[in-house]
């Protein structure tokens, strides 16, 4: 029993260190700038009403506003009307810190657009990877043809090359054909997943030949066999690969950083967050952490819901 | 029989049709760039120029003579040599502890795996706040120890008397902070691989070892667990090395310009990015790329060799 206690103590200490930045990220996304500066307010902050200075400044009344408001305030001087208007603006610009942080996250930068880009890019990468890898894996596993061994050795060799490592020549090639700052640039280098081919081939090797022969008897062509027979049998492996692929590309920062410069419409979520950080001043810690929370949350939630599958998918590369 | 021969030709042709897209993309996206990097590393090419000059091995000369690149190698190897053993060791330690405690351990497993799933860039920014010299959680926690018995630790004593480290702004600490975040992010992944490996260790082996006189837990670990985890370890070490070589996100997030205080965190990926992409010095960037590829390929080849030769039981 005491030994178990020690184990728990060690593991809990580790867990605290692992959780600390997550705790801080979520907590700051709830707090007002003052609370962040002074380090008060516990996890949720006190959620006292705060005034959004920028919003007040935007509504700063000019002479026309004062003239327009004159009927509402009869028998008052211009400066009195002005003060009343400012007071109104301050009242309207009051918000709870949590609402302030999250609305700022979505309004200061087109965060929705970034998230959409993230979805578009990760989904296209995954779909193209499958369209390319599945037929090749089937041919390598189940068809006899001259050159099969050579192709497979090439696959094994390409497994040695990390795409991030050859980013520079890839960037030059894309620049030469004028594709930088396009969706294509974000997707193209990842369309070939040698690892996917290898994985699917290993999986298809275990599918009995009879299944394929039966399909041929029914008059199915090889293309039809790939998509209508092999694909359904490979669903579990595909799911694991999907998780692997989506996690890698949703979180990827290096490649988008290289091929997307300046064009905000193409920013993926990590790039958007980076830009936010670049031009943020001290008072924007809250909204920035809100952005970070929004970006991190989808995968974390998915992971918590389907833990076993995620761990399977992420550690796929470890399966032999 | 002509019919069968015909069917075979047909099958061969379809097979090529099925592999052609993958084959084409493999050549175009993976092989040609490696060749391009190799060729350009001997030139002074930059994007926008129509021509380039062959400069021989000048780029490589530079890599091995300039102090900037010496710092690059030091930073990269410091990172790899620190992060790989620590993340593998902690991964193994966590796996052994969790494995020994049954279902409750799953909670720790989930928690330790969180950093693997999270966007590293976002977490880097969170860490940057944690490490903020005045309002960060780390230094605030350290300040709490001031005036308590803990002050006998020299580090805390100095911190309380003067001030606590700037962490990211201090050239003595910067690389270690990066290493720490690398370990923080990566050890959960190794833990999960080790947990998978541990399920493959047969109970009978422990009994057998006990019969042979392996009484202590350490003996059992040394004689049974560790050898049985051999293949997992080889894989975990290799993949940790390759990932460690590719560290970039944290460094770019903390120091967009220049790779840290006094270039103490100027790692290879950042150098490729800065020289090749930002400064358009493609020749030198390509030379770094080539060295990088050699390191990574060398590591993977060692792994394959070990897997084939030694670690099958």
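Backbone N, Cα and C atoms are what each Cβ position is placed from, and that goes for glycine too.
Automatic prediction, not curation, is the source of TrEMBL annotations.
Among the ranges A:150-171, A:260-281, the stretch that TrEMBL annotates as transmembrane segment is A:150-171. When each of the listed stretches A:9-30, A:114-138, A:150-171 is scored by C-beta pairs under 8 angstroms to the transmembrane segment (A:225-250), A:114-138 comes out highest. Sequence-distant contacts of the transmembrane segment (A:114-138), counting only residues of its own chain at least 6 positions beyond either end whose CB sits under 8 Å from a CB of the stretch, comprise 151, 183, 186-187, 190-193, 196-201, 203-204, 222-223, 225-227, 230-231, 234, 238, 241-242, 245-246, 249-250, 256, 265-269, 271-272, 294-295.
Within its own chain, the transmembrane segment (A:183-204) has Cβ neighbours under 8 Å at 120-121, 124-125, 128-130, 132-134, 136-138, 140-142, 152, 155-156, 158-159, 163, 167, 170, 174, 230, 234, 237, 241, 245, 249, 255-256, 259-260, 266, 268, 316-317, counting only residues six or more beyond its boundaries.
With a cut-off of 8 Å between Cβ atoms, the residues of this chain six or more beyond the transmembrane segment (A:9-30) that come close are 36, 43-45, 47, 97-98, 101-102, 285-286, 289-290, 292-293, 296.
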